[in-house]
Amino acid sequence: MEPPAAPSERSLSLSLPGPREGQATLKPPPQHLWRQPRTPIRIQQRGYSDSAERSEPERSPHRPIERADAVDTGDRPGLRTTRMSWPSSFHGTGTGGGSSRRLEAENGPTPSPGRSPLDSQASPGLMLHAGAATSQRRESFLYRSDSDYDMSPKTMSRNSSVASEAHGEDLIVTPFAQVLASLRNVRSNFSLLTNVPIPSNKRSPLGGPPSVCKATLSEETCQQLARETLEELDWCLEQLETMQTYRSVSEMASHKFKRMLNRELTHLSEMSRSGNQVSEYISNTFLDKQHEVEIPSPTPRQRPFQQPPPAAVQQAQPMSQITGLKKLVHTGSLNINVPRFGVKTDQEDLLAQELENLSKWGLNIFCVSEYAGGRSLSCIMYTIFQERDLLKKFHIPVDTMMTYMLTLEDHYHADVAYHNSLHAADVLQSTHVLLATPALDAVFTDLEILAALFAAAIHDVDHPGVSNQFLINTNSELALMYNDESVLENHHLAVGFKLLQEENCDIFQNLSKRQRQSLRKMVIDMVLATDMSKHMTLLADLKTMVETKKVTSSGVLLLDNYSDRIQVLRNMVHCADLSNPTKPLELYRQWTDRIMAEFFQQGDRERERGMEISPMCDKHTASVEKSQVGFIDYIVHPLWETWADLVHPDAQDILDTLEDNRDWYHSAIRQSPSPTLEEEPGVLSDPALPDKFQFELTLEEEDEEDSLEVPGLPCTEETLLAPHDTRAQAMEQSKVKGQSPAVVEVAESLKQETASAHGAPEESAEAVGHSFSLETSILPDLRTLSPSEEAQGLLGLPSMAAEVEAPRDHLAAMRACSACSGTSGDNSAVISAPGRWGSGGDPA
């Protein structure tokens, strides 16, 4: 493989340790390590309970996770398009490992699916098998080659998902699992070359005599096999020599995944300015910047002038005091007439109808909130605890349970658009469904189940509606108290446990001291894992666990220690926290509206303070649809893909819904209506028009870019670096045609350059500090849409009209604009954009 190219100076970059002086760079793994025989995984069930009384109910046969929706997909534009390899910003960089040579001398038959080769007394479990229905499912960026930094998407394509399933193989991407697989291969080759039979022992219970005898191999073949075996052993030694002894093996995968994500984000950021914004958002939110990420600041010409933030005036308070607690009084008459679902409501029948889907994926939590009088968290929490019989198992008084639930829900902020009690109820219900996954049946103890549900319920309590970085940048008391480390997550834990000390709120009062300590430790671990900056570490831990079991001979995930068990539980709650894109589309779109409203509200606060506005928080520039596509491609899909491997085939429907939703948002970008020629002259005159840019370039569009590029014109980057050069602006216009989806990017950059040259217009008053009701629409109230934005688009969101490709309109405009600067009347075919991109909306 070719060495990686040096990253662009303007791209996002990871500060990763390079090789020591005099040390050669690590070789890429042997090609066959990309593919290993598909090994079924079984999660061993427990045979005990830690509750006071062992009364295990009769368990129903295994069944897949049910979906609560029955959505007609006929009107989804995304489902009618050809499904592509994703992420869309980088169309394949793999080397097509399916053609590489593989040596499979040791791979014998798989064990019986009902019994562990290591433990004859193990309970029957669910095995991980390849499903024919999933053979066409696309794979995440984690399955791209780690070494192909400089391969062009024009010349490379990768269809590994189809090939791997067709050959019954798994793709192995975590370094430690690759080392294990390589050592097994070396062992097999050694046996073949020396005619030494492989003993049937615990290292190779599946093995047997090699399927190929040395006598049947030619001398040349034996020499080649020996060389390849030696090279593979050298590669293993090199990997082990560079492993840092004080770090876990999963950190090798975390290090690799972050490097690969950085490469993907670099490609995305180079596509357009909005692509750079999406990249910056993902990098800032989901990578632990404190130690590993270094993002270059904008150049002086790019950074707008901003007033320094005003000095914060705050009342001094003891640092040991937990903020956000309220003195609430809930009547003690709750234990007299306990409502059926824990909350008083006049629509109990409708609520009961909705809660029939409590154990199904895709429960409409918005309807539950409406029928429960806005008490969705209390309703869901009480109903789940009753259904799982946790009140009896842990002797939780009903009135105490109800008092704590109501107190907890009251400490969620109803005026926060997304991180409110509705989100907590959704995560709680999603965790409940994931705990009921057939593959995890009888795996976790009652105490672990209680801890997971409690962690989901409190994981965002007293959330202020701003990010950790905002609190750090504003020197908030919370950031000072928790030393800038997982600020909000630590606060949620403190509030959640502190509320147990309120009157008649201690739902764990009858737990033993040991149970209480164990539960607290688990809850802390799970809630801290909801810090999105820890995402790549969590993903690497889980994927290393799954792939290590795939390449071992047993294929049994024992989960026989705290570290392994809490690792699965942490990822479960993390998956539930990132489950919005996997829900039915109508629910997903509502969640998207809410999270964008919260982002925009934070952006308004940052603008008021004169701070730099966080990525995706500026309502004038954020591209909602593209942010969701990038969010799915780089964050949600790799996580759920790995979870689906763990519990296969139980999460296949969830992956299908995720793919459908991603296609819908992608199609919403491509199918938005174009502005009419009559509207175009006024586009640049509207200072409130959002900057929205297309971040995806298809292969055809890139070819078009090459063919339509005007010789002698400066590149986009050079033009942007000279904002006051009006001639450069005019020359930039003639290059837009080749990147037609990014037309508005250039238009808006020119608009900003013009504004900076003539003095930026006074900023209009926007909705700041807006309060949101859980039952009302969110985004439409943020600002008044301009006429060009009122074209049909996503419900409650600005239209994508300015972004969509309209070649015919452009061609007509080009012919009418032959007088533009930098073009000539006899060469209208190479004019790049309509005349509206000229200064003042008229041809230059």
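Cβ coordinates are placed from backbone N, Cα and C, and glycine is handled just like the others.
Annotation comment: Swiss-Prot describes 82-91 (among others) as compositional bias 'Polar residues'.
The annotation domain 'PDEase' is assigned in Swiss-Prot to 343-672.
The annotation SUMO cross-link is assigned in Swiss-Prot to Lys344 on the grounds of similarity to another entry. Under the three-state DSSP scheme, Lys344 (SUMO cross-link) falls in the coil class.
Look at Swiss-Prot and you will find Asp460 tagged as Mn(2+) binding site, backed by similarity to another entry. The secondary structure of Asp460 (Mn(2+) binding site), as reduced to three states from DSSP, is coil rather than helix or strand.
The compositional bias 'Polar residues' annotation in Swiss-Prot covers 820-830 (among others).
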Other CB atoms, at most 10 A from the CB of Asp460 (Mn(2+) binding site): 25
C-alpha spacing of Lys344 (SUMO cross-link) relative to Asp460 (Mn(2+) binding site), in angstrom: 24
Chain-internal residues near Lys344 (SUMO cross-link), provided their CB is under 8 angstroms and they sit 6+ positions away: Gly373
